[in-house]
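One structure below.
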Amino acid sequence: MTRVYNFSAGPAALPEAVLQQAAEEMLDWQGAGCGVMEMSHRGKEFTSIVAQAEADLRELLAIPDNYRVLFLQGGATQQFAQIPMNLLAGGSADYLVTGSWSKKAYGEAKHLAGALGGAVRLAGSTETAGFTRLLRTEELDLDPRARYLHLCTNETIHGVELCEVSRLPDTGVPLVADMSSHILSRPLDIGRYGLIYAGAQKNIGPSGLVVVIVREDLLGHASPVTPTIMDYRVMAENGSMLNTPPTYAIYIAGLVFRWLKAQGGLAAVEANNIAKSDLLYDFLDASDFYENRVAQDSRSRMNIPFLLRDDALNDPFLAGAKAAGLTQLKGHKSVGGMRASIYNAMPLAGVQALVDYMRDFSARNG
């Protein structure tokens with residue numbers, strides 16, 4: 001069997017070593033006589049899996065002791081509702097909109113604000129700029145009394161990334177960040193955030209799991225209408241197991257965390273991600289056949305959208321790429337073109353193979 005280079009934005013490629021270990025343990029996890037999917041979530045075998053996964057994640061991200069790690073269901077999209085339910089507390093929240101996902105989060109919070117007895121403000125948007133850059137400081141309208149400031153630090157569809165949170169003024173308002181498509185791609189200063197959430201299916205593991213890292217002082221403020229299962233405090237008190245969690249997804253996430261540690265930790269992972277993204281961006285910038293329209297200081301290392309000079313060549317490009325073992329390169333339907341998602345599991349050789357194919361395709365069709 002020959003594996004392809006999978007550039008899917010999510011569910012995305014997983015490290016081959018992780019898949020191999022999961023395959024070896026599918027029928028018998030470490031002598032238990034059954035696989036992880038068959039285990040009771042309250043049995044000692046699975047509780048040890050969860051404990052190790054959390055310990056490894058804490059080590060990778062240097063998570064302080066006053067933060068709780070939650071392994072929840074519903075994906076990042078459920079967090080668009082769960083966050084205001086838990087944090088709005090009858091007050092006001094600020095939202096920054098820099099792409100499709102932060103726009104969706106803002107829309108859901110607006111939808112719920114009235115029922116929660118609060119308000120949601122648009123504190124800055126780059127929609128008129130086509131979501132091709134980050135917000136500038138002078139474009140921000142931040143409320144220092146806001147309950148929280150929500151942002152998406154990597155916009156998967158538009159390929160815009162905030163690598164340095166220091167670009168935002170520190171008003172003392174808790175930062176709430178959707179990091180679904182770049183968490184674990186570089187070291188983080190967790191203490192700068194009140195809450196971080198990330199759908200697993202890009203850089204953590206399979207779909208169906210969302211990881212929430214929340215500062216303890218933000219627990220216990222849920223609206224009275226919040227369903228029990230969506231109350232962060234309740235889930236924290238129950239070790240993410242008020243109900244049956246997505247057990248196999250947590251297991252795979254734990255294997256990914258161990259794999260990241262084996263790569264040398266997040267500093268080494270970041271260096272590899274910079275090398276991969278630089279390789280592709282340098283090629284795009286030198287080409288008059290392909291174009292990336294994101295401002296250079298706003299470009300994502302994980303999701304790189306690009307356009308061909310002639311849209312009529314899109315289908316031949318994708319067909320040729322598939323034949324060359326390069327899959328899932330079609331851009332999101334809302335923006336068109338192509339998109340290469342090069343998460344942690346994508347090796348440098350995969351990006352080199354893509355660049356080689358793109359160079360050959362442009363030579364034949366330019």
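Just so you know, glycine gets a Cβ as well, placed from its N, Cα and C.
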Swiss-Prot has Ala76, Thr77, Trp101, Thr156, Asp178, Asn243, Thr244 binding pyridoxal 5'-phosphate. Which one of Gln52, Gln201 is in the same site?
Gln201
Per DSSP, Thr77 (pyridoxal 5'-phosphate binding site) is which: helix, strand or coil?
helix
For Asn243 (pyridoxal 5'-phosphate binding site), just count the other CB atoms lying within 10 A of its CB, please.
11
Three-class DSSP secondary structure - Asp178 (pyridoxal 5'-phosphate binding site):
strand
Which of the three DSSP-derived classes (helix, strand, coil) applies to Asn243 (pyridoxal 5'-phosphate binding site)?
coil
Taking Arg42 (L-glutamate binding site) as the reference, which of Trp101, Thr156, Lys202, Thr244 (the recorded positions) have a CA within 10 A of its CA?
Thr244
What's the CA to CA span in angstrom from Ala76 (pyridoxal 5'-phosphate binding site) over to Lys202 (N6-(pyridoxal phosphate)lysine)?
11
